[in-house]
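> Under the heading domain 'C-CAP/cofactor C-like', TrEMBL lists 1-146. Under the heading GTP binding site, TrEMBL lists Gly65, Ser66, Gln82, Gln83, Phe84, Arg85.
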Amino acid sequence: QVDPKDYTFSGLKNETVGRLPGKVAGQQFVIQDCENCGIYIFDHSATITIDDCVNCQIFLGPIKGSVFFRDCKDCKCIVACQQFRTRDCRKLEVFLCCATQPIIESSTGMKFGCFQYYYPELALQFKDAGLSIFNNTWSNIHDFTPVSGENNWGLLPETSVVQDYVPLPSSEELKAVRISTDATKSIIPITRGRRQKSSDESCLAVFFAGDYTTANARKLIDEMTGKGFQLVQTKEVLMKAEDAHRVFQQHASEFIPLLEKGPVVALEFNGDGAVEGCQSTINEVFSGTKVFVSESKASASQDVDNFYNFADMQMGM
């Protein structure tokens, strides 16, 4: 029998509380009326609602459905979810991984950054919550109630360090979780999102489904960012033959047979020389793997647009 008290934090002040991996196991969770607290859910859950919390630091592991903040203020959060929503909140700073477009309503002073976090159980928790580490629209915020002449949200500084916002938990119980906030170890690839691009040259690389798709995509990200290129966005999505024609154009026929194995993982890199850098890396590091990569600087921006326009329609953005 599920006891709701095991899945609720309510009316706490000046405390550090949390749940260890395996303790929530896909249940719903409720956080309400907490003040000056550190709250850490190191597990996956169904949905989470957070009401009337003030000055709290909150970590929420992967949420299969929605997370909803209502009437909260001055909170700093790290959140991974399918859907993100706030109503009547002010001054929330959120490092976010969200599979769909995040929505704010009647909220002000909101700031967003890209989710960055690691502990050993986190990858499996993403899988259990049905979330892809490559589907993260953290910076594509929809403001339901915009005010003319005012901006209710913005992006956190690029140099923001997660631990300065949500420190590692201080309680003995929660110290057992082996956390790293080092950006290079993050389970979620860190993307620029909607930030200004440094160059007018982008490149699209697409990996096809197989045993090593995730590892290959991560390897390419490491190689490219190591050479100074920036990862703008990532996406994991199923493609059909007609989508392949639109995106891969004259090369579609060689990639269509690969689509039946499962979703593709697409990466957009940016920087002067990105196309050449990506092609040479793929030739050197992934010689035996079929990868689509933009052919030239001239066609690359069209490749990126074609792919993400199709993907956004798929995701219902």
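Yeah, the Cβs are placed from backbone N, Cα and C, and that goes for glycine too.
Whatever TrEMBL says is automated annotation, not expert-curated.
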> DSSP on the domain 'C-CAP/cofactor C-like' (1-146): how many residues come out helix, how many strand, how many coil?
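When I sort the residues of the domain 'C-CAP/cofactor C-like' (1-146) into the three classes, I find 11 helix, 73 strand, 62 coil.
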> Can you tell me how spread out the GTP site is, meaning the largest CA to CA distance among Gly65, Ser66, Gln82, Gln83, Phe84, Arg85, in Å?
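Spelled out: the longest distance between any two Cα atoms in Gly65, Ser66, Gln82, Gln83, Phe84, Arg85 is 11 Å.
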> Give me the count of other Cβ atoms within 10 A of the Cβ belonging to Gln83 (GTP binding site).
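Other Cβ atoms found within 10 Å: 17.
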> Check the binding-site residues Gly65, Ser66, Gln82, Phe84, Arg85 for other C-beta atoms within 10 angstroms of each C-beta and report the one with the most.
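The residue with the most neighbouring Cβ atoms within 10 Å is Phe84.
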> For the recorded GTP site formed by Gly65, Ser66, Gln82, Gln83, Phe84, Arg85, name the remaining residues of the chain with Cβ within 8 Å of the site's Cβ center, in chain order.
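Not counting the recorded site residues, we get Thr47, Ile63, Val67, Phe68, Cys81, Cys98, Thr100.
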> Please compute the mean pLDDT of the model over the domain 'C-CAP/cofactor C-like' (1-146).
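Averaged over the domain 'C-CAP/cofactor C-like' (1-146), per-residue pLDDT gives 97.
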